[in-house]
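To start, the structure under review is shown below, and the notes come after it.
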Amino acid sequence: MSEELATGPKESPPAPRAGPREVWKKGGRLLSVLLAVNVLLLACTLISGSAFNKVAVYDTDVFALLTTMMLLAVLWILFYLLRTVRCPGAVPYRDAHAGPIWLRGGLVLFGICTLVMDVFKTGYYSSFFECQSAIKILHPLTQAVFVIVQTYFLWVSAKDCIHTHLDLTRCGLMFTLTTNLAIWMAAVVDESVHQAHSHSSSHGNTSYTRLTQDWERAGSAAGGDCSCNTAVCQVFQQGYFYLYPFNIEYSLFASTMLYVMWKNVGRLLASSTHGHSHTPSPISLFRETFFVGPILGLILFVVGLAVFIIYEVQVSGETGRTQQALVIYYIFNIVCLGLMTLVSLSGSVIYRFDRRAMDHHKNPTRTLDVALLMGAALGQYAISYYSIVAVVVGTPRDLLAGLNLAHALLMIAQHIFQNVFIIESLHRGPPGDETHGTPPREPCQGLTFANLDALHTLPACPPPAELVGPSPAGPQEAVSITSAPKDHWRSRCLKDISLFLLLCNIILWIMPAFGARPHFSNTVEVDFYGYSLWAAIVNICLPFGIFYRMHAVSSLLEVYVLS
């Protein structure tokens, strides 16, 4: 007896020991942020300057800078991986919330598409190697190596809370993050220039010539005719432009994961992890739904693809066909955005009956998700408000102007209600975590009794709702008490809402990411603001709107798991 008292209950294994507590964490973070800001400003200056033919900065200068940054980032990643392998105590904690499987899976998917884009880009520049600088071929090859190394690094280290060489690690993570943002800016500018070049070629618009002429400027500056005349060259050229959206999303996905790693440097975690887990059910994605949300979402997804194909085919044709394509495009978007607004609002109403407690624990991943949702939505807000002013103040009062106005208003409403629904969902506790004000569940629920007579001696146990036993052969057979959860319908509704919004956000990402630009085909804003100003507004704000859709997909998948 004395030995039992001395031993006591089994203790959980002690948490891994971390290094000495950091004296001034904000000082290390400040140093890394200053490094990132200066490098990013340098990259932004070169990238933006290379887009205009009046600035003596060529795309070869941008490629040289990006290649150097990627090589340095690869060297640092290899150093980090080698250091953590040789020093197992360098990572005493791992953040369970960081790097969920769907985020890493999306990173791998976009990384594979980026590698295909690098193959097309290498083939394109190799088609006229004689008149091109060698850096144009070296850049996609370096980017392929960078993508492979970084994807492996984020797959194995996204959850790390490292506790050695803190300032060096922060600077390395911030430099790698800045490299991804510079690649993102270069891809956005290149795609915007390509879109402007296509628009000016098809519509004969010369007000944007100073930007579009630079698209082929560097080739002539290198000496020689670098026109892409062969069929293979044109296939490579169109191929890598169509794969740009995946490269853009890869850079942004990697940046978000690197930021969470940067926040977790030197972080101390408790032995028990609070909050919810990022482990989806491996059985079936649609098992616990009413199937209404997935089916309706798939219908809108297929219809949206058809509308996008019709728009792309007809918008470059005659004026009458362009107007018809715009009407179809706006009607589909109005229906889709209206349904998404109502569904998001209904999800918020369902949460009014949800008894789960709010999760207020520190979670850098969730904080970043909320900030990105709110920040990225500003780009679409800006475009919508500019469109509203142009339609209301402008002279046209036709059907197209009315559809444009309804589309802009619904776009604002949809972003607001969807953000409210997603943010509230991310702050809900895990299933079964109810507030203290709710009555406790029956103490007998979920228990198994070997003696049925003993059940009636417990005063706290009400008459059993359902007794399940293997056979009535003997009274001593084990029986269990089960009951259906009362909140099961809410969980199913929330899962349906999440899957419906997820599919709708995917199709609304595909349309602008792969070239749908009703902002230029519809001449209301172009005539009101002028092509140069309107193109600058769209090219700056639209990338944030495109990123919002894909980030909303990632957040909605997490909402589905938490429901």
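Cβ coordinates are placed from backbone N, Cα and C, and glycine is handled just like the others.
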TrEMBL annotation of transmembrane segment - which of the ranges 101-117, 407-423 it falls on: 101-117
Stretch contact, the transmembrane segment (62-81) with the transmembrane segment (30-50), Cβ-Cβ under 8 Å, 3+ pairs: yes
Listed stretch, out of 30-50, 101-117, 290-311, 528-548, that has the most CB pairs under 8 angstroms to the transmembrane segment (327-351): 290-311
Contact call for the transmembrane segment (371-393) against the transmembrane segment (528-548), three or more Cβ pairs under 8 Å: yes
